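*Asks:* So TrEMBL lists the following for this protein:
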- B:23-44: transmembrane segment (TRANSMEM)
- B:56-76: transmembrane segment (TRANSMEM)
- B:96-126: transmembrane segment (TRANSMEM)
- B:138-162: transmembrane segment (TRANSMEM)
- B:168-186: transmembrane segment (TRANSMEM)
- B:219-240: transmembrane segment (TRANSMEM)
Amino acid sequence: MNPNVQNPTPVLQAHALRKRYPKAKGWLEALKGVSLQLFRGEILTLLGPNGAGKTTLVKILAGLVEPDGGRVEVLQEGKRTWMGAVLEGNRNLYWRLTALENLIYFGTLRGLIPKEARRRGLELLETVGLAEKAQQTVGTLSRGQQQRAALAAALVHDPPILFLDEPTLGVDLEAQEAIRTWLLRLKEQGKAVLLTTHQMDFAEAVADRVAILQEGEVVLEGRTQEVLEGSPGAPYRIELQAPLGEGDPRLAQLRAFEAEVEGKVVRVVGEETLWEVLRILDPLPLERVERESLSLAGLFWRILGERSERCSSLPT
Amino acid sequence: MLQLAYIEFWRYLRAFFRYPLEVLGGVLGAVVVFALFFSGVRYLAGPALFGERLEALVVSLLAWTLAFSLLSYIASTLTEEALAGLLEQLALTRPGLLGVVLVRSAVSLFQIGLLNIPVFLAILLTSGARLDFHPLTLLPLATLALGALGLGLLLGGLALIYKRVGQLVSLLQFLFLGLFLVRFEALTQPWNALGYLLPLVPSVAALRLLLGRGEDPEWGLLFLTGINALAYIAFGIGFFKRALRRARRQGTLGTY
């Protein structure tokens, strides 16, 4: 599903956002003209190493940090509080109140009447598997349970836009799975979710689109599958009808082109290499030739590697 | 607005009944300090020490207790919430951080007023002072509270930017004690007029006249108490807004 076709109007748009912070000598350019769009019913995942500008970007979009340049447009109807957020490094909740009390409090501050906030709160705690912990003070919950309660609090007023900055940081696998399932459900409900994470498998499992941020710039952005399949780093998979024999002289020739041979399967990277490899394999009978998807982690590290190589090759 | 006030009061009561000793301990501490102060002074120097000034001293102390509780409340709450990483969540609410802080301040008038009653009784009982309560007293009490909230917002704004303002609050405690003990109403011009420009001073002067001496203050002084309080609350709100904007620009709202 292409959100640009089904939902032509983005719920949130950022244009050329710039932000810099003073540091010991000079300035730290946190964002260098970042633009992006967020649509209903999609999860956009921001990836990037530490210090790439992810948190600054999320906070600018949420209106918590003022940009030095550029603007953010949020599609709004009525007086609703349009955003909910779980922010990295923050408690997000009052530890001395129970999970339910937090949801009632934040729900009321975000426009619900207390009775409605209580009803929504109980419903959400049930959804995130914390119904039995509703009356327990947040400080006594485990990290994973606190994170799930924070997610519930961010959604108690039913906002169309949700910002999640590292929601799975420090939580166990069970809680991660619960968060993943819930995020997919939120997407189906039409929420626009902006997620930042360092966990590539998590990102790959939930993201409709990915944007890789490095040194304050978006270096790659697109729909997850298209980005992975269309990546020049994605390998070609050649399946032979029979495996090559141990002493086959073609094995050495294939390895010279950095081809990976595994039974009947030969993998190569790059179109030119593919044709060279096919020439070497000629006239062996082939089963199929196809392009494989790169994993998000593979793509991420390749892009980071390419960027650092480019930077190191620049004249100083 | 009423709903916000309700939910803030509800949140306060929940925390109060869950951890009652935390609040009551502070009140008990203040009661003991004042009781020991007046009993100790009486024991050492005899009842004639304060003479005619006893009532004026007691009113100054009452005003100081009330005003300082109010103004330190905002700063300490904001510092605690910055430490807990909650300011950004409060900023993402419909009234925003300023709205939440203003509503909390209004609610705190009631909480602090109530909690200070035992402190006031302890001061009155141990000092032996006799105060006249005139309904007009409510006016300078209200302006005192309003002015104190203005100063609280000023300190709160500083807490947003500098986070750790505990030492400044402690310092102000003594500065205000000194300020409240000076009887500006008894000074000659221009010190009298200049004194009335200082925060909360006209309200304390009016309270001293009303409660301590049983005299009605001049309408001019009552008018000044209102102007002074409004000026400081307006300044406090303006400063807080600027501080909030600066914290947003620096990206330090959520950091401690």
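For all residues, glycine too, the Cβ spot is worked out from N, Cα and C.
These numbers come from a predicted model, not from an experiment.
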*Asks:* Check the transmembrane segment (B:56-76) against the transmembrane segment (B:168-186) for contact, please; criterion is three or more CB pairs under 8 Å, pairs 6 or more apart in sequence.
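*Replies:* Result for the transmembrane segment (B:56-76) with the transmembrane segment (B:168-186) is yes.
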*Asks:* What else in the chain is close to the transmembrane segment (B:138-162), if you only count residues 6 or more beyond its ends and a Cβ gap under 8 Å?
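*Replies:* Tertiary neighbours of the transmembrane segment (B:138-162) are 63, 66-68, 70-75, 77-79, 82, 87, 101, 105, 109, 113, 168-169, 172, 199-200, 202-204, 206-207, 210, 217, 222, 225-226, 228-237, 239-240, 242-244, 246-247, 250, 252-253.
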*Asks:* Based on Cβ pairs under 8 Å, which of the stretches B:23-44, B:96-126, B:168-186 lies most in contact with the transmembrane segment (B:219-240)?
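*Replies:* The stretch with the most contacts is B:96-126.
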